[in-house]
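Participant: Supplied in structure tokens, the structure appears directly below.
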Amino acid sequence: MGSSSKRCLGAILIASFYFSASLAFFPAHHEGEGAHPTGHSPKPSLSPHFYRSTCPQADEIVVSVLKKAITKEPRIAASLLRLLFHDCFVQGCDASVLLDDSKAVASEKNALPNKNSIRGFEVIDEIKAALEEACPHTVSCADTIALAARGSTVLSGGPYWELPLGRRDSKTAYMKLANKNLPPPNATLHRLVKFFGRQGLDNGPCSTISHTIGMARCVSFKQRLYNQHRDNKPDMTLEKRFYHKLASVCPCTGGDNNISPLDFASPPKFDNSYYKLIVEGRGLLNSDQVLWTGKDPEIAHLVKSYAENESLFFEHYMNSIIKMGNTNPLLGSDGEIRMNCRRVNHVR
């Protein structure tokens, strides 16, 4: 398999919910003394059973909040899954994306790929408050994001996976890295490969995390409709009827905040329909469609395989999202368990 395929086997889908990519395991920020030090305890690691004795009802609490939130607004499932990517891809899965601005913190929420874009913070707040009430100072905000991402996937019709837990929370944010490491929605295949290569994501198994649900603002794909190559012409890979449908939602002037489904076939459902649309020339974002039109036969073959085989897509999705969740976690005594996900513990 070529290096480009190893670095980017799926779409980076940047909207309300996005991203498909090859992912690799990263080591922890630092080696700690163990999640619960007891003399010569083994090195800390993530485990699906991390909260078995300290908060066995954690997942049940998360799902109960998610059910209400998703019933009220189905789009929020995609937003919460997107938070996982925006957290992990910057400096590891450490809940840095949740921190608000303060004297000591420049929030990642103000980074260009995030500002007026990522959302779902209020749902995370509600989940965290319920977890704190049941199990004070036990479940980290980083694990809360991971649990919310899995719950959102399952409640939207997607697969369930064993989720390794035990991440701890960062004590700062990384706005400059967020600006640097999160790729834009109009990225070409070459640029996508470059973004992933910068992260060193070219080792280990290559699988895909794909968005199949969510919405995108017109500003994320308007260039494809009116000025794809800075020539005042549309992207010629767009299927014609799909182009006219998008143009009716997103006029040439204004309307940047109008929204369109990423998946017209089954907007609120987690399935493989989006890959079918990409093959038909109806991928919404440029960073999606280039997986099919970007002249990489191995990546195009994978897209076709996912379009034809939903079980294969689910299998690869589960493998990849586990690897994404393992990206550079804080473990043991590193970081902290925030009481409030929006601020570090010593800030009042």
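Cβ coordinates are placed from backbone N, Cα and C, and glycine is handled just like the others.
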Participant: Name the residue from Cys55, Cys218, Cys250 that TrEMBL records as disulfide-bonded to Cys135.
Facilitator: Cys55
Participant: Tell me the Cβ neighbour count for Asp271 (Ca(2+) 2 binding site), meaning other Cβ atoms within 10 Å of its Cβ, over all protein chains shown.
Facilitator: 18
Participant: Cβ within 8 angstroms of the Cβ centroid of Asp87, Val90, Gly92, Asp94, Ser96, Glu108: which residues besides those meet this for the Ca(2+) 1 site?
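Facilitator: Those within range, site residues removed, are His86, Cys88, Phe89, Gln91, Cys93, Ala95, Val97, Ser170, Ala173, Tyr174, Ala178.
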Participant: Can you check which residues sit near Asp87 (Ca(2+) 1 binding site), meaning Cβ under 8 Å from its Cβ, same chain, 6 or more apart in sequence, and list them in order?
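Facilitator: Within the chain, Asp87 (Ca(2+) 1 binding site) has Cβ neighbours under 8 Å at Cys93, Asp94, Ala95, Ser96, Val97, Leu98, Ala142, Ile145.
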Participant: Other than its own, how many Cβ atoms are within 10 Å of the Cβ belonging to Pro183 (substrate binding site)?
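Facilitator: The answer is 21.
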